[in-house]
Amino acid sequence: MPPSAASEGGVAELRAAEVASYTRKAVDERPDLTIVGDAVYDAKAFRDEHPGGAHFVSLFGGRDATEAFMEYHRRAWPKARMSKFFVGSLDASEKPTQADSAYLRLCAEVNALLPKGSGGFAPPSYWLKAAALVVAAVSIEGYMLLRGKTLLLSVFLGLVFAWIGLNIQHDANHGALSRHSVINYCLGYAQDWIGGNMVLWLQEHVVMHHLHTNDVDADPDQKAHGVLRLKPTDGWMPWHALQQLYILPGEAMYAFKLLFLDALELLAWRWEGEKISPLARALFAPAVACKLGFWARFVALPLWLQPTVHTALCICATVCTGSFYLAFFFFISHNFDGVGSVGPKGSLPRSATFVQRQVETSSNVGGYWLGVLNGGLNFQIEHHLFPRLHHSYYAQIAPVVRTHIEKLGFKYRHFPTVGSNLSSMLQHMGKMGTRPGAEKGGKAE
């Protein structure tokens, strides 16, 4: 981005730049501001005019939104249009985040493939799938409340919850379902219906994971708190030698963190040590209400109606099945043999382009029909490049994306089957679980 964000914004913007200069630390302490390129903008004033919803802008209060805007809008920052929200420049001592020109060229190719006038949002046929999932979830849960829980139906309900997570809340919370932000916002609460939390999900995925994929410090999904060794900067523990054996049952047990421990993160208004922007505080009360509502609806009410061990086991079966399905497909997408990691001791520097950081830390698996079942998230590369593009288009654009990526000289990994992806993940976990230096006969780090 040019040194002055005022070049297209007029004299008033230039004068503002002369009197206002912000370091990243200063912006971090001002949740009403956000950084794009080398300029600082009034996020609080802009959020209510944001077509995609005020909550997206609010979550980036006090943060750098350069790459977030780029990947969610698939175009360059409209400096002239945004000049009325300009409040100053990024301090000369700071290095601005640059837009990725190769990525913007890829966006132009992909946009040309989309149905005219669609904007990349959900096609009409998608809503039949969404309706079927909602009807299935409500019917099964209602039936078991009235007639009693069964283990088989509880497991199937867990799968339906997972499919709702993959096919409804995921696109909604990326703003990819509809051009009407209120629809995305409301359906985003499907995450709360299945036991998660929309605000924490947005912080984890939109604010952190998507911008810092497999970063050894900044990606929350690379933090296993000693349970697993996922990245080269993690310390080694003896049990890591067995992590390829316990990773799969551990994915089912993740349900209990999601169900209970995440509430502590919500109350602290943070995720993995990263504060949620105070500008998004209006989301707090609905988030707490939804968490309490889920506990009442899915845990307390069934146990009140049928206070038995069987009921408790069926509740666990649902949440563990859903947790396993979601965690399994997510984990194999970002943890496989040869996967990139970003930052110190990683295979990629943080100065690598946006495209390279997204592509070489992700992988695809399977094809069109797995995409129908899993909300397109088996096309994880395409999803990470275009998170606000509805999943129904991923299989269509994948060949063009792959050609473009390989021309750039970057690694594009697509596993033909889930089994081959799983095997690669287990191989990677085995390598990461080996005591550093042991494979060479050396001492542990």
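Don't overthink the numbers, they just go from 1 along the chain as shown.
Even glycines carry a Cβ here, placed using N, Cα and C.
Classification of H50 (heme binding site) by DSSP places it in coil, neither helical nor stranded. The Cβ of H50 (heme binding site) has F56, V57, S181 as same-chain neighbours under 8 Å, each 6 or more residues away in sequence. According to Swiss-Prot, the heme binding site annotation covers H50, H73, on the basis of sequence analysis.
If you look up Swiss-Prot, you'll see 11-91 marked as domain 'Cytochrome b5 heme-binding', on the strength of sequence analysis.
Same-chain residues lying 6 or more positions outside the motif 'Histidine box-1' (170-174) and placing a CB less than 8 Å from one of its CB atoms are 72, 122, 183-188, 190-191, 198, 201-202, 205-206, 375, 377, 387-388, 390-391. The annotation motif 'Histidine box-1' is assigned in Swiss-Prot to 170-174.
Looking just at the motif 'Histidine box-2' (205-210), the mean pLDDT is 98. Per Swiss-Prot, the feature motif 'Histidine box-2' maps to 205-210.
Annotated motif 'Histidine box-3' per Swiss-Prot: 380-384, in sequence order, evidence recorded as a curator's inference. Residues 210, 213, 333-334, 358-359, 361-364, 391, 394, 397-398, 401, 405, 412-414 of the same chain, all 6+ positions outside the motif 'Histidine box-3' (380-384), place their C-beta atoms under 8 angstroms from a C-beta of that stretch.
Annotated transmembrane segment per Swiss-Prot: 126-146 (among others), in sequence order.
Here the transmembrane segment (148-168) has long-range neighbours at 129-130, 133-134, 136-137, 140-141, 177, 187, 190-191, 193-196, 302, 306, 310-311, 313-315, 317-323, 325-326, 329, 373-375, 377, 391, meaning same-chain residues at least 6 beyond its ends whose C-beta is under 8 angstroms from one of its own. Taken from Swiss-Prot, the feature transmembrane segment covers 148-168 (among others), and the record attributes it to sequence analysis.
What Swiss-Prot lists as transmembrane segment is 247-267 (among others). Under 8 Å from some Cβ of the transmembrane segment (247-267) lie the Cβ atoms of residues 195-197, 199-200, 227-228, 284, 287-288, 291, 316, 319-324, 327-328, 331, 425-426, 429, all in the same chain and six or more residues away from its ends.
What Swiss-Prot records for 283-303 (among others) is transmembrane segment, and it gives sequence analysis as the kind of evidence.
Per Swiss-Prot, transmembrane segment is recorded for 312-332 (among others), and the stated evidence type is sequence analysis. If one looks beyond the transmembrane segment (312-332) by at least 6 residues along the same chain, the residues whose Cβ comes under 8 Å of a Cβ in the stretch are 144, 149-151, 154-155, 157-159, 161-162, 165-166, 194-195, 221, 247-248, 251-256, 258-259, 298-299, 302-303, 363, 365, 374, 377-378, 418, 421-422, 424-425.
For H73 (heme binding site), the count of additional Cβ atoms within 10 Å of its Cβ stands at 15 [all protein chains shown].
For the motif 'Histidine box-1' (170-174), the number of residues in each DSSP class (helix H, G, I; strand E, B; coil) is 4 helix, 0 strand, 1 coil.
Beyond its flanks by at least six residues, the transmembrane segment (126-146) meets 153-154, 156-157, 160-161, 163-164, 167-168, 177, 187, 193-194, 298, 301-302, 305, 314, 372, 390, 392 of its own chain at Cβ-Cβ distances under 8 Å.
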